[in-house]
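TrEMBL annotations:
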TRANSMEM  6-26  transmembrane segment
TRANSMEM  38-57  transmembrane segment
TRANSMEM  69-94  transmembrane segment
TRANSMEM  106-126  transmembrane segment
TRANSMEM  146-164  transmembrane segment
TRANSMEM  176-202  transmembrane segment
TRANSMEM  214-231  transmembrane segment
TRANSMEM  238-262  transmembrane segment
TRANSMEM  274-291  transmembrane segment
Amino acid sequence: MTVSDNSRGLILAVASSLFIGASFIFKKKGLKRAAASGVRAGFGGHSYLLEPFWWMGMMSMLVGEASNLVAYVFAPAVLVTPLGALSIIISAVLAHFMLKEKLHKMGILGCISCIVGSLVIVIHAPQEQSPSSVEEIWALAKQPAFLIYTAASIVIVLALVLFFEPQYGQKNIVVYLGICSLMGSLTVVSIKAVGIAIKLTFEGISQVAYPQTWLFFSCAIICTVTQLNYLNKALDTFNTAVVSPIYYVMFTTLTIVASAIMFKDWSHQNISSIASELCGFITILSGTILLHTTREQETENGIPAAGSISWYIWKDSTESLLMNVKDDYFVTLDCSAYRTDICSIVNAANV
């Protein structure tokens, strides 16, 4: 029985989501265990490097990313990219059971929406038209439509970096994520070109001697480094719960557009199939946003979230309490008037 390229890409994309979704949970579990016995990673600690769970997460992440890259070689981006939402579902479900992070009813509805949207896209996904040489890919890259898209992306990225980032980078999340998403879309098409060249080489049709292969490889490296640099800036500046859904929407949309222009993913499909794919894509976007907006606010490593209050009941002296509790700010309520030697200490940190 012959397995189609689309099926291989689908299997690899789903496997990628499973590994990447699980990696977040393993890494976080390792970070929590490390924080319990040493300095947290957020404060410069590196004890997590000794935690097996953290290394399990790293290995799972590497396997997932590798599977995702290979998936682009076999299947069109319109099929592979939206399936990345499945990693969010895996992460949310595992967090519910392994980290005790409650998944609300609306979050479950978001997961179901992502699954339904993914099924719609899988059913109506176009068949991959695999080029026979890297020169053929280069010819696709020189199409006027794709040249316009590439030029427009570079101009917008330069404008965001040179003019908007200094003034609005710390205030408007679209600046950093706009750079990430535009460069990310060029990263995907470049990696897809490199992947096809490698695939053809393994099949006995060497593409190593072609300069276009190395040009695509150089573009992939430059775009990837730029993308990750500004994604880190976005994560460091803004809340992850806000960054993740917005980045997913922008990156996925621009990647599908770039791939459709260059590889003509929809050229052999009818209007009905294209409309179904768009509906599935919108369903996934809605589910992703719903899942993120309803996630329970996390409390990391036992430290209360900003604006929360914790009560400590202590029967000994206040001095002994200060030696045992490592909070920074206290309001002491003396309860001796009620004929009890219990003192309640209110932690007012970050309030």
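The backbone N, Cα and C atoms fix where each Cβ goes, and this holds for glycine too.
Bear in mind that TrEMBL entries carry predicted annotations, made automatically and left uncurated.
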Give me the stretch from 106-126, 146-164, 176-202, 274-291 with the greatest number of Cβ pairs under 8 Å to the transmembrane segment (214-231).
176-202
Relative to the transmembrane segment (238-262), which of 6-26, 146-164, 176-202, 274-291 accounts for the most Cβ pairs at distances under 8 Å?
176-202
Near the transmembrane segment (274-291), which same-chain residues lie under 8 Å Cβ to Cβ, leaving out any that are not at least 6 residues past its ends?
78, 82, 85, 88-89, 92, 106-107, 109-121, 123-125, 245, 248-249, 252, 256, 266
